[in-house]
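A.B. asks: Take this structure, written in structure tokens, and hold onto it; I'll ask about it next.
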């Protein structure tokens, strides 16, 4: 057996800090269960001290998700560490991840602390965290812009006082692979007792080099990689888990006997679940999980793949769970056929949940002849991944008049926090008129940042999936809606995004106060 590279997934912490990617507690829980199926080693469930919402999410995940180590981020402050420890109490296996900046620019302008004061803070934070768990990770924020000798001292201090994992973040995505690899090698050669801990890396993608830097670090001695599904994260994002894991698996000729315990057959499903939850879909040419990742249009390429797959493909689509067959269900399909297909897609439900899904499936099958996998995924999302049981805005009814040489007009009746309201409006089209009527009824006008709609499946009776990104008082949120009627799909997407913005507004403002002080 070779050497293991630990996969530390921070989708639910660093990943969801990106604008438009915030998740509710229930959504985080859905993702955490799937990450456990993916078999990542560590799930960073959130930043428990950031807000009540973050605390609840970390606590629920610690209580309900089994398998991976559950981790919470905490600044190098006793108050943060105590809150993280409290949130993690139910976890079978837990880790506290504490951090402080070590670069001159951060120490002088953000922390307003001397290097000696920072070292003292590291000592106290790591020692205090060890009172709650034997698994403590310490991160040197902005490590790649830190003075080398001071970085060594900071790491040595953390190890001396009980850190079990040392993380080297390229916080601003500044590093180039060759120099980042050299940094890891220098740390391995110059820090006493570095062999007693796991050396970790956390790379941002500002220069498009996060995956390359992470892999170079592994080659030079790092044995934990912090990454996110689809590479999501602040600014340009993080190293993509799927890219790091598959590079190590496919290029064993280069990386030797290094391996991960990730169940790669769950990669595609995990990627799709994140897309559904956040409403942000990966670009078609995204490595490993994009729609075109295993598509071939060139005649020469098609001929080669048909002759022998490995002529133009370096991995099997099945290795990442990429669906190669499309099973079509219809109105004559029974409960057993539906249950079997859902299980093949990786979904498992109780009898009561399956009854709900089957009822919705039959309604959908009556409206369209053929029900594809994409339809089933959308149906499950609509039924089981709503943002809240109580939504602030509920559209009760709407009617639209539109046609050739007519001004599109919409009338909407809705409920806002229990109060019924009604309004009418005209617009540049039926969707525009309906959205304006909703805004008029609510008395608010969020800024629409993006709107798109696409057919999920072939044929004119296909379900449409609408996606909306909006901003309400500085809070960005995305929503999606699915229906065979494109106006209904658009209304669902708009109200979904609006509800998310309303629910998250205070939550995000609270967390912003913490985030301004820095994260890795």
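Note that Cβ sites are derived from N, Cα and C of the backbone, with glycine treated the same way.
Copying in the features that Swiss-Prot gives for the protein in this structure:
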DOMAIN    5-268  domain 'Pyruvate carboxyltransferase'
BINDING   14, 202, 204, 238  Mn(2+) binding site
REGION    394-520  region 'Regulatory domain'
A.B. asks: For the recorded Mn(2+) site formed by 14, 202, 204, 238, name the remaining residues of the chain with Cβ within 8 Å of the site's Cβ center, in chain order.
C.D. replies: 10, 169, 171, 203, 205, 210, 226, 227, 228, 233, 234, 237, 239, 520
A.B. asks: By a simple count, how many Cβ atoms lie within 10 Å of the Cβ of residue 204 (Mn(2+) binding site), its own Cβ left out?
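C.D. replies: A 10 Å sphere around the Cβ of residue 204 (Mn(2+) binding site) contains 26 other Cβ atoms.
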A.B. asks: Specify the secondary structure state of residue 204 (Mn(2+) binding site) as given by DSSP, simplified to three classes.
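C.D. replies: The residue in question, residue 204 (Mn(2+) binding site), is strand (DSSP, three-state).
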A.B. asks: Grab the pLDDT values for the domain 'Pyruvate carboxyltransferase' (5-268) and give me their mean, rounded.
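C.D. replies: Looking only at the domain 'Pyruvate carboxyltransferase' (5-268), pLDDT averages out to 97.
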A.B. asks: Across the region 'Regulatory domain' (394-520), what are the DSSP residue counts per state (helix, strand, coil)?
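C.D. replies: Per DSSP, the residues of the region 'Regulatory domain' (394-520) fall into 43 helix, 51 strand, 33 coil.
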A.B. asks: Counting across all protein chains shown, how many other Cβ atoms sit within 10 Å of the Cβ of residue 14 (Mn(2+) binding site)?
C.D. replies: 25
A.B. asks: How many neighbouring Cβ atoms, not counting its own, are there within 10 Å of the Cβ of residue 238 (Mn(2+) binding site)?
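C.D. replies: Taking all protein chains shown, residue 238 (Mn(2+) binding site) has 31 Cβ neighbours within 10 Å.
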A.B. asks: Does anything in the same chain, at least 6 positions from residue 202 (Mn(2+) binding site), have a Cβ under 8 Å from its Cβ, and if so what?
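C.D. replies: Set apart from residue 202 (Mn(2+) binding site) by at least 6 residues yet with Cβ under 8 Å, we have 10, 14, 139, 167, 168, 169, 170, 171, 226, 238, 239, 520.
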